[in-house]
Every structure is written in C-alpha cells, then in structure tokens.
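Reading through the structure tokens given below for one structure.
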Amino acid sequence: MQPQTNGGGQQRSADVPKKMEEEEEEDADVQDKKPSGRNMYFKSEPRRIDYILAWSTEGKPEKLAHSKEARAVFEENLEKEGLKLERDEKEGAEIHYLKVHAPYEVLTRYAEILKVRMPVKKSMDLDKIQQKYAKLETILIKMEGGGFKRQVVTPMKAVSTRLWDTMTDITKKLFTPFQLDPNVVKPIKRRFNVAYSRDKEYLFDIPEDKDTYFDNATRNRIVNFILRRKPFSREKEKAYSFGINKMIADGHYTDAYPLHEGHWKPGSADNERKLLFDHWANWRNCFKIQPLDHVRGYFGEKIAIYFAWLGFYMLMLIPASIIGLLVFIYGCAISGNSYPANEVCDESKNFTMCPLCDYQCPYWKLSAACSHARASRIFDNNATVFFAIFMSFWGTLFLEFWKRKQAALQFKWDLTDFVTEEQPPRPEFLAKLEHITTYKEHPITGIKEPHLPFWRRRFPIYLMSWTAMLFLAFLAIVAVVGVIAYRISTLAALQVLTRDTPVTNSTFIASTAELVYQNASLVTTVTAACINLLIIVILNFIYNRLAFWLTDMECLRTQKEYDDSITLKLFSLQFVNYYSSIIYIAFVKGRMVGRPGKYATLFGGRQEECEAGGCLIELCIQLAIIMTGKQLIVNNIVEILIPKIIKWIKRRIWPETQEQKMSKSPWEKDYKLQPAETTSLFYEYLEMVLQFGFLTLFVAAFPLGPLFALINNILEIRFDAVKFTTELRRPMAERIPDIGVWYSVLYGISRIAVISNAFIIALTSDFIPRLVYTMAYSPDGSLEGYVDHTLAVFNTSDFEEAKRPVFEGSEIVETCRYRDFRNPPDSDDPYEYSQMYWHVLAARFAFVVVFENVIVVITGLIAWLIPDVPAKLKLHIRREAYMSNEIIIKTELMRAQGEQVGEADIERIIQDENQRYRSNELGSMELVHRRSASPPNDKEKDNIV
C-alpha cells in the first residue's frame, strides 16, 4: 500500500492507523523525541479527514430527536454521494463530531463538474518549454551548393526592452533583502493547468497514490459544495430543506469546518500552518514579502487576494509616505522664516483682536496665537498643493496598477475564467419565510421558494430600513453639533478664566494662566477631537448592531445580496460617522460667521470661527487624532487586547492540565477556536477603505497621513495573519477573482478626493489669499504685510450694548481687528466686503475649476495608457489557451485512430507547435530574400533542410 501524505508533507504508513491517532503535536513538551504530525485520519481506516461536522448533545428531548432524524437523513444522502463518514461520540461529551472523507472517485467527479483546473504532466509544462525556446530564433541561410539550412540564433532585443529588463533586475535586487529564504519557504511555481476531465486523465500528472493528487484546499471546497446541496428531509413539500448552512441555522449541527493541518507553536511538527506562522505571521518577518502562494494554498483565493491587496496597498504607500515626510520637513524648515507667522508673533505690531464671544470675553493680542500660527505654517504652504496633486495621481496609479497585479494573480491562480456559482437561498431567508404560503419557482434552479410580494411586503421594509438609516446618520451630525458647542463654550470659558485669574505672587499660577491663555485654542481643539473619537467609537458599535438588524429585516435571498446590502449600509454610516466632523472643519467652519457687531447666530449663539492661523491646522489635528486614534489604538484594542483578555479569563476560570490538552483530538481543539465567519474579511476591507478615504479625501491637510497609514498597515498585516493562523478555525477555501465591490468604492473615493482636495486648498488653506496678495497687492511681490492686509478693522463703538465687553479697561480700546476682507469703518461702505474679497473669491473658484479638470483629464489619460492586463500576460494567456486546445485536439485524434498517447508523443506535439510558433517559414524566406541578390525560386524552397 502506498504511503499517504498529510498537510505538513510528512508521510504516514497506511498500516498503522492506531499509532497515527496517538501522535498529537500539542506544545511538543517531550524533548527527546521528534515531534510528530497531527492526526488527520480516520480511526478505523487511513482516510484523510476533509471536513468536520459538530453537534450538541444538550437541549430539549423533542428538539434533539428531531435533529437526530435530520442528521440521519443528511448523512444517508452524503453516503449515497460516495462520501465516507466516521463518528466521534465520546461518552458524556457535550459536543459530538462527524468526520467526512471524500474518496478519489468523488473528487474526480466533482472536479469535472466544477471545472477545477489541475496541473498537467510535467512534460507539458509550458513555462518549462517556453524557457527552453524563449531565447531562440530560427533563420534560413542559403548554402553554396543550393538549398537552405536552418540556424538557431539569439535575437537582439530592442533598446527599450533591454532598458526595462535592466530596471526590473535592479528592482529585484533592491527587494532581495525583503525576500523570504527560498530554501525555507520554497516558492510555488505555476504549473500549466487545464480544466480536469476524467476522459482525459492521460493529460494530468496523477501520482501513484491518487489520494494526494488533489490539494487540501480543493478537497475542502469540493466537500463543502456537496454539503451545501444535500437535503436533510424526506418530505417533498420541504424542497428547500437542504444544505449544511440551513442545518446549522436550524440547530441540527453547531458548526462545520475543515481542520487545521497542524499546530503553530514552537516545537510542533513541521506543517503548512506552522510555516505560515513562522514566516508570515511572526513579527520578525514584518518587513518580509508575504508568501501569498502558500496563503492561497492553505486559506484559499478569497483570503489570499485580501492579503495581496493589503500588501500591494502597503507597498504603494511607501512613495506617498516619503513625499509626505519631505513635505512635512519642508514645512518645519520654513515655519520659522515665514512672513505671516513672524508678523503674528511680532508683539510690536500690537494687533488687538476682537473678543471671541459676546459680553464676557476680553480683547486679546494676536501675538498670543504665535505658536498656533507657526504650527499652521508647517502644513499650510506651497508644498501642500504639490502633495495634493501628487496624491491625486497616486490614487489613480494605485488602482490601475492593482488591476494589473490582480490580473497577474488571476492568471497565476487560475481565476481568469472564473464563473460565479449560482447561490442557494440563505438559511435565515428560508427560516423567516417558513410561515409564508405563497411560493414562486426560481427561474434558475426551478425550485419553488417562499415569495414576498414587493409592494405589499418588501417595500414597507425597505422604506423603514432606509428611514432608520437616515435617522442614524442624523445622530452622527447631532454629535458633531454637540462637539461644536463644546468647542465654543470651552474656548470662551478658558478666555474668561484667564481674564478672571486673580493677581497673585505665585509664579506657578501666573505661568499656568499665561500658558492656558496662549494655548486655549489648541487645548480646545485636541480635547474636542478626543471627545469626537469617543463618540465615533460608541456610534460605531450602535451602527454595527442596527445595520445587521435592518439587513436581516429585509429578508434577502442570497448571501451576495445580503453582503452587498450590509456593505452599503455600514460604509454609508461609517462614512458619515468618521468624516462628518472633518468635513465640517474643512468646508463649513468659519464660512458664515458674520462680523463684529453683526455676527450670524444659530440657536441664539455665535457660529464657530477659525483661529488666527486658519482652519487648516485644526483640520490637521482633527484628522490626526481620529485617523491614528481609530486605527492604531481603538482597532488594536478591539482586535488584539480584548480577545487576549477574554482568552486569559477563560483559562483562569476553566484551567486545563497538560494531560487534558494532550487527550483532546484535533477537531476538539479546532472547535474551541473562534469560527471563521463570512464577515471576517468584511471588517478588514471596511477598515482599509476608510483609511484610504482619510488619505485621499483630506490629504492636503495632513501630509504625514500616508506614513501613519504605512506603519498601521505593517502591523495590520501581522495582526490579521496571527488571527487567521492561531485564533480562527480554518475557513473554507473560497474562490473569488477580485476584491469585489470594494474596488468600485475605492474608485468612487479617488474621484471625490480630487474635488475635496481642490476645495481644501482653495477654501480652507491660505494658499489662494497669499497668491492673490503677492500678485496684486504686495508692493515687492513678497508676503511682507500680508497679515495686516487680511485683518479688517472694527470700531468698538459700533458694538451693541448687550454685546459690548464689560471687563475693566475695555472702554479704552477704540478699534479691534478680525480675520476678513472688509472695508474699514471710515469708508463709504463700512464693513462691506472689500475688493480683495472678490478677487480672492474669483481666484478660489478658478483654482477649483482648473485643478479639478486638469487632474481629472490627466488621471483619465493615465488610466487609459495603463492597460488592465499587461501585454505579455495577455499574450501568455492566449498562447496557453491555444496550446491546450491544440494538445487536446491532436491527442484525441491520435486516440481516435487507435494510437497510444504517451508523454513522448505529447512532448513532440508541444515542441512542434513551439517550433512552428518560433520560426515562421514565410518570415524566414523574406529574411533570405533580403540577404540574397535574387529571391529563392520554388525549387530552392523545396531544398530547405
């Protein structure tokens, strides 16, 4: 009997099943023995366990009896399908298990149905053959005695091709230190794969031990496909009572999952799971390139594509982080030499500013905002405009290059011809509609399913659902209004507190009061942002619960419809929740405040004004706290710290000895892990898409954003990898060709980001006013005198009595200044908008129009110039499809003629096709024609050797 191979690559003899059962790898405490692999086989026979079904033995007797009957019918149907089953029913155990094995005959049958692409014989490997012939070209040379001989030469590459190859080699050398050791993590080379067919098994590289032909991910996927289709009721009127998902929803089983192939802890036997933990999830490899082929082989394409996208996103953040850091350093360098900042800090200018609130607030000196103005200059400078333009291009390049990367992965992982499987009804959908008496035949499956009339049943639910969504979004806006009220009241309170500080001999009290007075706006902004972050976290928790509840109420039929609906709801709510306060500061704050003596009010109170340094620095602080606080602190606490605390508490409450751990079977250990739910990746994508929104929508205000995002994503990859390898049960290896609806969301954000950054530069920053001043108002073209030019004058005698400051000494102040472009009180049109205001307004809108159109045109041109699929890859795909068809056609012809087809015959067919492809006779004759004085005649053509 041939030895069998487990998931870690260790061979086990088939005649020692009892010994295999006893070989557990848990913690590997015995040091004098080599750790053995995990028991992945039946107890009675050496059959590999492909799936585990678990059910509870506790509950009401009637329910248990009904579940037992349903399981009996289901298991009977599984055995009829050809699956092998074995029970694990320990006496007194709360959970019993059913082990499922798919024999080779079942695997081949469903591999043909599902069109699983399998590797062909090594003699047919196109990559190997093309490497052999890739650098060879055939030419014909005329011989002296007549006729021609064929000579193989190496062609001269074009200059552009050689330059591109050189750049590719340099790039590979630069990334060499970040590559994993190929001797430890062996690269998985792509084989030439074709859709499996039992009639053409002579094409495939089938080993002597046929049970090892299909990899574990393929076996799990085929078994899961069977489990999802088998009925568990003999009653014909319950035609929709089928599938393992419906059985779990009805409580007949508690869960179904494939087994992990080993343990990940140090000292365990070598296996694929341990390899992934040691060389992927381990922190010492946080700067190494991910072994995506191994991730795909273990977890499937769905999870592998997520990590491929996240790794590619992280890689694209590197140039953005470098440019952003340089822009920040440039801002720091010029902040000390800025004319506007120096004028704000110059106490000799003696700019007396109007009160920040009515009646109680004092006049204040502009020099008190010195630190605020210098900090604002770090982010509000000419380099910010360049960075916003760069990030607009970066967003487009990221999406376009990802499409190319995705196309390469689709080809490598055989997803180019992926066909979406028709999804069955969700178990929750069927359970909610069990009382419905109206049935309708499904147009695809032909099965009669419960039907809800749209206008009478569905429309009211949709109306209620989206009304609730609007109310939830309104809650986030109300929270922003509450934070605004906090900022206004706190800033006024700090001003009054400073004014009312009694005269004392205490140096500490005096210095503290002065420090508070100078940094009142900074303290208010930071504390308000932290409060806003706390509110966001609380609302997120509420939104998650209510979004799922509303989606469940909609009774959506398939899992895809459900996933799309929950994606739309949660992203919309999260968008409003995270971005509403930032949008307010960027586009609303300080726009409609009015002027001293005639302030615009809302609910009886003055609206919020921008500080002396402008609103951009406040936007930067808000963005930094929400973005970094949400991702680096909140997410890590929720994803890492809380699960570890829960795990520690469980170990304290229910401690286990080493003997108890060793006595447990692998399926019992895996059952204790967290289930790999369908929403596991949803939250990961949502988190990264929100981060992408922070980076692109508001990047003009926070050039350090890409750097913080890069640091977060380096940690995120390892956190997610640890979660999948150590904390979750092994998920079913799902196949998907792309990142789905998230690409459309990213594309939409990148388009909105162009408009957003244009308005931030035009309205929020002082770039346009500075530009207008230097070009039209400055006597020497510099920014000297800019601050004085942007501060309007107000005569304090024009204050209303109810709003006039009443503190001691206020009566001696005749005029005060405020940020606006208005006429002085002694002009013909006092306090009306000045000429510069209209010049600045026109320049702002002109900038928005030019910026948007130029960026949109250039990014559109970039997207058009960069093909979604690389040209070489496109030719490779077409060539492989052509070669596979030619091989099948010619081998089938030989078989039809009664000839035996061997590896030598197949290799000869491939070589002939490649030779014909490489040396075109007509092109060769034209080459000879150019080399000879006279063209070859028909006789000479016949003499070709």
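Along the chain as shown, residues are numbered 1 onward.
Using N, Cα and C of the backbone, Cβ positions are placed for all residues, glycine too.
Listed in TrEMBL:
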type	residues	note
COMPBIAS	1-10	compositional bias 'Gly residues'
DOMAIN	41-292	domain 'Anoctamin dimerisation'
DOMAIN	295-880	domain 'Anoctamin transmembrane'
REGION	1-41	region 'Disordered'
TRANSMEM	306-330	transmembrane segment
TRANSMEM	383-402	transmembrane segment
TRANSMEM	461-486	transmembrane segment
TRANSMEM	522-543	transmembrane segment
TRANSMEM	566-587	transmembrane segment
TRANSMEM	688-711	transmembrane segment
TRANSMEM	739-763	transmembrane segment
TRANSMEM	841-866	transmembrane segment
Long-range Cβ neighbours of the transmembrane segment (461-486) (under 8 Å; 6 or more residues past either end): 528, 531-532, 535, 539, 542-543, 546, 550-551, 553-555, 569, 572-573, 576-577, 580-581, 584, 605, 608
Top Cβ-contact partner of the transmembrane segment (739-763) among 383-402, 522-543, 566-587 (pairs under 8 Å): 383-402
Chain residues in Cβ proximity to the transmembrane segment (522-543) (below 8 Å; excluding those fewer than six residues from its ends, i.e. six or more beyond): 371-372, 472, 475-476, 479-480, 482-483, 486-487, 490-491, 494, 516, 570, 573-574, 577-578, 581, 618, 621-622, 625-626, 629-630, 634
Residues of the parent chain within Cβ reach of the transmembrane segment (383-402), under 8 Å, 6 or more residues beyond its termini: 309, 312-313, 316, 319-320, 323-324, 327, 330-331, 695-696, 699-701, 703, 706, 743, 746-747, 749-750, 753-754, 757-758, 760-761, 765, 767, 851, 855, 858-859, 862-863, 866, 868
Reported mean pLDDT - the domain 'Anoctamin dimerisation' (41-292): 81
